[in-house]
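Trainee: What Swiss-Prot records for this protein is below:
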- 1-61: region 'Disordered' (REGION)
- 19-34: compositional bias 'Acidic residues' (COMPBIAS)
- 40-51: compositional bias 'Basic residues' (COMPBIAS)
- 119-223: region 'Disordered' (REGION)
- 124-142: compositional bias 'Basic and acidic residues' (COMPBIAS)
- 167-191: compositional bias 'Acidic residues' (COMPBIAS)
- 200-209: compositional bias 'Acidic residues' (COMPBIAS)
- Ser208: phosphoserine (MOD_RES)
- 231-259: motif 'Q motif' (MOTIF)
- 262-437: domain 'Helicase ATP-binding' (DOMAIN)
- Ala275, Val276, Thr277, Gly278, Ser279, Gly280, Lys281, Thr282: ATP binding site (BINDING)
- 385-388: motif 'DEAD box' (MOTIF)
- 673-752: region 'Disordered' (REGION)
- 694-705: compositional bias 'Basic residues' (COMPBIAS)
- 722-734: compositional bias 'Basic and acidic residues' (COMPBIAS)
- 735-752: compositional bias 'Basic residues' (COMPBIAS)
Amino acid sequence: MVVGTKKYSNLDFVPTISDSEDDVPILDSSDDEKVEAKKTTKKRKGKNNKKKVSEGDNLDEDVHEDLDAGFKFDLDADDTTSNFQGWNFLAEGESNKDDAEAFVKKDVDLDKIIRRKGGLVKMAHIDSKQEEETEKEKVEKENDSDDEELAMDGFGMGAPMNNGDENQSEEEEEEEEKEEEEEEEEEQEEMTLEKGGKDDEIDEEDDSEEAKADFYAPETEGDEAKKQMYENFNSLSLSRPVLKGLASLGYVKPSPIQSATIPIALLGKDIIAGAVTGSGKTAAFMIPIIERLLYKPAKIASTRVIVLLPTRELAIQVADVGKQIARFVSGITFGLAVGGLNLRQQEQMLKSRPDIVIATPGRFIDHIRNSASFNVDSVEILVMDEADRMLEEGFQDELNEIMGLLPSNRQNLLFSATMNSKIKSLVSLSLKKPVRIMIDPPKKAATKLTQEFVRIRKRDHLKPALLFNLIRKLDPTGQKRIVVFVARKETAHRLRIIMGLLGMSVGELHGSLTQEQRLDSVNKFKNLEVPVLICTDLASRGLDIPKIEVVINYDMPKSYEIYLHRVGRTARAGREGRSVTFVGESSQDRSIVRAAIKSVEENKSLTQGKALGRNVDWVQIEETNKLVESMNDTIEDILVEEKEEKEILRAEMQLRKGENMLKHKKEIQARPRRTWFQSESDKKNSKVLGALSRNKKVTNSKKRKREEAKADGNGARSYRKTKTDRIADQERTFKKQKSTNSNKKKGFKSRR
């Protein structure tokens, strides 16, 4: 509050509300102590401005030269919240593109090629009659949504699927139904065989109660933590700068996972936590980390926290989450170590020893081995986000190397939406009686997610046309964010070209793109420059882009866990969302659908989600498919032209590389060679071993006993004796008896 009355305008001492006028001291003023007022030098035009100048001159007489005239008290700083627009996917150095714009072209502009071929101009034409029919279908679907709910006795039961398929005769339908029944019987037999094998191997797969009691902290700790619910972040006894950062993000009430984990993490205990996608797991580990770092030694720069993540985009997002929460905390620094970005910039940043380093495993090991003055000797906290993915075969070697480099006396925090790792895989992490906190039932989708399934049958060739029609129905104006998941990078690229030729602007995200292209695709999608993003499972974990309304599974995932991560990109943080999945006829596809329906039925009391069968007008889709097939030559031309441009760019890059080698030969040769913890042969061997372990078949009890007998007998083969074996044994015994009898007779004669 500022006191600005004329009565006290010449006083150096300004009274407050609590001071009485009688107590105000009379201060003598001398000419020497007069402060010269700053005069305004800006020229102002107009009559109104002249008045402002005169008022400003009078005010300037009262302003001390050491004070900023434009300073204002922000009385409501703690209560105001910014309009949060999502996390930033620009890495350090990427946002300042003024200097970077001058660099040579590195990537092919695919949209430019598509426009040259007539695409991205206008949307593909749909007849008005068909549009009217689709509107009627929408109304019917809304009215009959309850009739379309899927039952547990198979896929499509309880839903009138494929009403629009008029070309199929009744005989063909009956034959298909018989085939499906036979397939289902075969699948059930396979499932029972698999179950039989698994039941026999319970000792190997499931952890015993004794092992859990020895490894984990008492269950009461986790149960008590889950019961605690806090009304706001103030009740968690967090510091004021952290609370201010949370308020700026609009965080008001802690989510269940945050209420359970933050108090335990502040105590320094190890945690293994799981909750549904979009429940605030990143903030659940970042808040206690920042709170603990407030009390670090101020004068000693060292890296105290390592956060490991499986993908680069997720690492960049988590880094931005941490920076936003710690924006009002002074002295906490962040470092990013991910592949695909400038290596030298990362080395310079890591030389300053940031408090928190967020990294992917490969680049983290690279920096530890090859970056000067970067070490992990003082690390106190290790965080593994998407921990179940990090513990899989692909990261096993890197993870073992990192565990050997980090100090053993540290706090470990493991988080994932599908955290179901066995003790055997967790032993290498050196956990110390971790507290196990599982907020939601395992393998459960978000509470407000509507899961829809489209049965493809034998129409795989119609999937591109189906995707186009579905996106047009779900988002005719192009104002919704839709994510499409595919199995292969080539499929994502081809679909982008097909959709572009049909007039739909889409982006792609997969491992074949450069890191700059990947970040550019995510940012364009986030800013709604491109409403549809076609991606592989690279984007299935962790990415939190606000207001993704629909997820489409163009290709079925390999497992139900991956399916949960995919559909978890929508219906986040209590919002509603929809997923549409194209289901084939394989047993794997059907098992995932069964698991999804089962999860919805088992958690009906806890969730508002539904599992529905979606009706499709296949006649209209076949018309669209004819248009797609007519573009096959154009698609091939675009792919060839793109390949040629890539070859030209690659040749130019090699030319520049050669020029640099000639110009800076001595500097380049003087650089030390970068080392790695594995040789090329070791990498190949680990890949082969990983493939063999993944393809290992489940054995039943008899086979397992035979294998155990072989192992005990040092490879000796055990089998039942045949008739010839028994005859041979009898002959041997007779010979032995004869020889013993003859020896006895000889001995008796010699005694005589």
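For all residues, glycine too, the Cβ spot is worked out from N, Cα and C.
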Trainee: Go through the chain and flag residues at least 6 beyond the ends of the motif 'DEAD box' (385-388) whose CB is under 8 A from any CB in it; none is fine as an answer.
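Mentor: 272, 281-282, 285, 307-310, 314, 318, 414-416, 418-421, 541-542, 561.
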Trainee: Going by DSSP, is Gly280 (ATP binding site) sitting in a helix, a strand, or coil?
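Mentor: Coil, per DSSP.
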Trainee: When a 10 Å sphere is centred on the Cβ of Thr282 (ATP binding site), how many other Cβ atoms does it contain?
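Mentor: Result for Thr282 (ATP binding site): 23 other Cβ atoms within 10 Å.
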Trainee: Roughly how many Å lie between the Cα atoms of Lys281 (ATP binding site) and the residue listed as 'phosphoserine', rounded to a whole value?
Mentor: 28
Trainee: Roughly how many Å lie between the Cα atoms of Thr282 (ATP binding site) and the residue listed as 'phosphoserine', rounded to a whole value?
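Mentor: Rounded to a whole number, the Cα-Cα distance is 31 Å.
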Trainee: Quick check: which same-chain residues outside Ala275, Val276, Thr277, Gly278, Ser279, Gly280, Lys281, Thr282 lie with their CB within 8 A of the centre of the ATP site CB atoms?
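Mentor: Other same-chain residues near the ATP site: Ser255, Ile257, Ala284, Ala417, Arg572, Ala573.
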Trainee: Between Ser208 (phosphoserine) and Gly278 (ATP binding site), how many Å separate their Cα atoms?
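Mentor: Their Cα atoms are separated by 31 Å.
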Trainee: What number of additional C-beta atoms lies within 10 angstroms of the C-beta atom of Ala275 (ATP binding site)?
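Mentor: Counting Cβ neighbours of Ala275 (ATP binding site) within 10 Å gives 24.
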Trainee: Over all shown protein chains, what is the count of other CB atoms within 10 A of the CB belonging to Thr277 (ATP binding site)?
Mentor: 26
Trainee: Would you list the DSSP helix, strand and coil counts for the residues of the compositional bias 'Basic and acidic residues' (722-734)?
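Mentor: The counts are 12 helix, 0 strand, 1 coil.
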Trainee: For the motif 'DEAD box' (385-388), DSSP counts of helix, strand and coil?
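Mentor: When I sort the residues of the motif 'DEAD box' (385-388) into the three classes, I find 2 helix, 1 strand, 1 coil.
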Trainee: Using a Cβ-Cβ cut-off under 8 angstroms and a sequence gap of six or more, which residues of the chain neighbour Gly278 (ATP binding site)?
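Mentor: Sequence-distant Cβ neighbours: Ala446, Asp544, Gly568, Ala571, Arg572, Ala573.
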Trainee: Does anything in the same chain, at least 6 positions from Gly280 (ATP binding site), have a Cβ under 8 Å from its Cβ, and if so what?
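Mentor: Expected: Pro254, Ser255, Ile257, Gln258, Ala573.
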